[in-house]
């Protein structure tokens, strides 16, 4: 009867559906079961003995390697960000120069052909390598990394193949004039680099240095990936403090002061290396490398002043940004679901959608500038007008000499240069009202349809461009009624749309301040972000959380739903319960591992080791497989004692690298070995998190989230007689 009470679930009379949550990626990746990450320290006897055996030298090695890996992550991410920007500026620059030269020669159809075919070729290349090499590299990458830091181990999201495809595919996609950004892919790139450094070496490539063995666990890898995500934002926008705050506010589910210090160190390395590389480029050694996303946007003006009368338009911007941001998120999710249905039909359909969007984008971008009238060049222009052969504010397009096409000045530039043109000071008369409206609608639509294709594509920059265009549009409507310039309205518009779509406040505020180098805007940006987030929260969630739901990531939210207060943990447990005894027969262990997919098993001590059945602890599936693989079996059911520490080393139980998991099917055992025994006591976590069955489900959720649990043992209340 005691044995039955241990194995029968608490509420066996209720029928429950099995949780079959799986990753259905937007790009139509194969459906794969999702695992969790072991962030909890397994405090078994073997672990305690291993830590006691470590001296001051090993502790120094561990601390030194943490800082060294953070330095290496910052260095490699900054190089990736720099060469990403360098490649985009040069590839897109060559394309725009050739197109412009043909336009100057009035060979309009040939210019359109070159523009559209080059865009199609770049998009096709990005789509092919993503679809065939690493489908997990599609999209932004921020939802995947955010889910990983929450404890979700989705397959292939941080592999070396994903890293390579993310870098190369992002360069091709951004250069192809698709309205996609590079900030999201840079976050994913930084996280991949950090995850690869955190693997603790590689036997395949001969990287088996003893100092690397300390990082063969999920806890330290999580810290490194957090630093990598912060470095990604720092490299994309040269915003080191904004990168740290982005990782804290948006990415990480678990944080501590030591991690803040290491993340800040990592982003500082990024900022210093980027500054040195930019100085090289400013000397003219980087080809067509212009003042791209690694250079601050110049909106500073010494005479910026605002009064109480400027507050109502700013509040209106925040409200509009919140409404538009939530509407943008709603449309984006609907489009992604449609794309998902098409992508499931096969690889050809994924690539076909990408090519269709590319052709549609090229036709739209080349055709729309013909709809606006030409503007005469201003006499006090700060640069050559019209701009020929390089990036700039005044593109000639089809206009006569001495005139420029203001819409072409935004379209026939990279997204970074378009943002700079919108943000720039002393340009209140540069753009027409109709131009801003056309550009806003175009960006709004294209950014939604471009994101879901099978290619690396970020949302940050497209949302910023879209917000800047409607911000400047509202500034033009207000005109002389306000004291703010149109460029500052563009900055506030970008902030409001980012806040309405992504729902971040502190990190976005600091990133925009670091981008614009204008602290005078701080109060206005704070007001805009607070208003836009408050308004948007009334409609739906932030865009990354919505994408995670579409992808099927079982993400644990920060707060419990109200109904969870009415349920206890006993209401959600299911069975039958699979458990092991302190000294278990090898055949029973193999049977349990082969017939279940659980990753943790309660260990029970019964007679003669205990007077009555008692819960000893929890043992992990990976540790059971390691024990079977080592074959340190016993002929009789006796405790192993101190011999356990001689047969095994800490490396035997270390977490394998990405994608390398031992399986029970790979272990061959004879019939004689199946009748032998294993003493599980030294390898069982004797202090697992355990709760009584009357605990509310809301408390259990908070415990899972705050502590980073993978397993939680539920035991019934036993009344003492």
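Placed from the backbone N, Cα and C atoms, the Cβ positions cover glycine too.
Checked against TrEMBL, the range among 153-175, 176-198, 199-221, 314-336 recorded as transmembrane segment is 314-336. When the ranges 31-56, 395-420, 473-498 are checked against TrEMBL, the one recorded as transmembrane segment is 473-498. Ranked by number of Cβ pairs under 8 Å to the transmembrane segment (224-247), the listed stretches 64-88, 108-133, 314-336, 436-461, 473-498 are led by 64-88. Away from its own ends, the transmembrane segment (314-336) comes close to residues 26, 444, 448-449, 451-452, 463, 466-467, 470-471, 474, 489, 492-493, 495-502, 524, 527-536, 538-543, 546-547, 550 of its chain (Cβ-Cβ under 8 Å, at least six residues beyond either end). Counting Cβ pairs under 8 Å that are 6 or more residues apart, the transmembrane segment (108-133) and the transmembrane segment (504-531) reach fewer than 3 and are not in contact.
Remote same-chain partners of the transmembrane segment (64-88), defined as residues 6 or more beyond its termini with a Cβ less than 8 Å from a stretch Cβ, comprise 167, 170-171, 174-175, 182, 186, 189-190, 193-194, 197-198, 211-212, 214-215, 220, 223-224, 227-228, 231-232, 234-236, 262, 265-270, 273-274, 277-278, 281, 286-287, 289, 292-294, 414. Nonlocal intrachain contacts for the transmembrane segment (436-461), taken as residues 6+ away from its ends with a CB within less than 8 angstroms of a stretch CB, comprise 26-28, 123, 126-127, 130-131, 135, 137-142, 165-166, 169-170, 172-173, 178-186, 188, 236, 293, 324, 328, 331-332, 335-336, 339-340, 343, 350-351, 353-354, 357, 360-361, 364-365, 368, 371-372, 407, 410-411, 415-416, 419, 469-470, 472-473, 476, 498, 501-502, 543.
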